[in-house]
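**Q** Pasting a structure here, questions to come.
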Amino acid sequence: MNYNQPATLQAAILDWAGTVVDFGSFAPTQIFVEAFAEFGVQVSLEEARGPMGMGKWDHIRTLCDIPAIAERYRVAFGRLPTDDDVTAIYERFMPLQIEKIAEHSALIPGALQAIAELRGMGLKIGSCSGYPAVVMEKVVALAETNGYVADHVVATDEVPNGRPWPAQALANVIALGIDDVAACVKVDDTWPGILEGRRAGMWTVALTCSGNALGLTYEQYKGLPAAELERERTRIEQMFEGARPHYLVETIAELPAVVRDINARLARGEMPQGN
C-alpha cells in the first residue's frame, strides 16, 4: 500500500477560551489572580497571562517559578513554593473557576458562522483546552446553550501531558478517525497551543486579537485606534515567532479563508511539516 498525501483538510482542532468562547480569555486569568490572593500573594493580570495555554497546574507551577512571584511567596510563608503548595493553590483555583466560568462563556463574534462554514467544507471539529475535565464539562454545556457543539473534546487531564506536548491534538485525531495529521489544522490563541499543533505535525493558525495575547474585550478591541492595533499585532506576532504558526489572523472569523488556502496548498503537494 502506497502513501498518498491528503488532498484536503479533514479536521479543525479548536482551542476554547480566547478562540471560540471568552473573547480576551478572561475566565482563567482573573481566577489565577484571585486564587493566589487567597494565599496572600499578589499576582498581576499580566503575570497571570504569561503561561496561558498550559494545563492549569502547570500554569500555576510556572507562575511560582517566576522569581518575583516566588519572592512574594517567600515573604508570605518563609519559604519558596513547593509542588505541594502549587497543588494547594490549584485546589483553590478549581472551585473558583467552576463558580465563575459562566461569566465569560459568550461565543466569540463570528465563531458560529466560521465553524458552520468549515463543516460545509467537510471538516470535523475537534477541540482541546488547558482546562481539566471538571471545568470543561461546564464550558461545553454553556457553549451548547449558545449553539456550539464540537465533535470531540479533550481536557488537559485526559492525556499524560498537556500543552505544549501534542497529546491532546493527537487524541482528537484518533477519536475523529482522521487518517493523516497533515489533514488537520490546529487553531489557538496561545504559543503552547500552537506548539502543540506543530509537534503533532498539523497546520497551525495563531489568533492574535481574540485571546490571551491582546487581553481585551471585543468592544475594547474594536475601539482600538488603527495605529495602536497595528502595534499590538506586531508585538503579538513577534511573541508567536518561536512557535512558528503557519498563519496568523485576528479572530476565528477569518478561519474559513485560511482553510481554503491550506486546501490549495495541499492540492499542490505542500505539507505542514515542510513549512
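Backbone N, Cα and C define each Cβ position, glycine as well.
Keep in mind the model is a prediction, meaning the values are calculated, not measured.
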**Q** Figure out which of D189, D261 sits with D15, A17 in the Mg(2+) site per Swiss-Prot.
**A** D189
**Q** For Mg(2+), what surrounds D15, A17, D189 with a Cβ no more than 8 Å from their Cβ centroid?
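**A** Not counting the recorded site residues, we get W16, G18, T19, V20, D22, S25, G53, S129, D188, T190, G193, L207, S210, G211, N212.
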**Q** Looking only at C-alpha atoms, tell me how far A17 (Mg(2+) binding site) is from K56 (active site, schiff-base intermediate with substrate), rounded to the nearest Å.
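**A** So the Cα of K56 (active site, schiff-base intermediate with substrate) lies 13 Å away from that of A17 (Mg(2+) binding site).
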**Q** Look at each of the recorded positions, D15, D189, and point out the one with the fewest other Cβ atoms around it within 10 Å.
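**A** Each of the recorded positions D15, D189 was scored by Cβ atoms within 10 Å; lowest is D15.
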**Q** What are the sequence-distant neighbours of K56 (active site, schiff-base intermediate with substrate), meaning same chain, six or more residues apart, C-beta distance under 8 angstroms?
**A** P28, Y90, F93, M94, Q97, G130, Y131, P132, T156
**Q** In angstrom units, rounded to an integer, how far apart are the Cα atoms of D15 (active site, nucleophile) and D189 (Mg(2+) binding site)?
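**A** With the alpha carbons as reference points, the distance is 8 Å.
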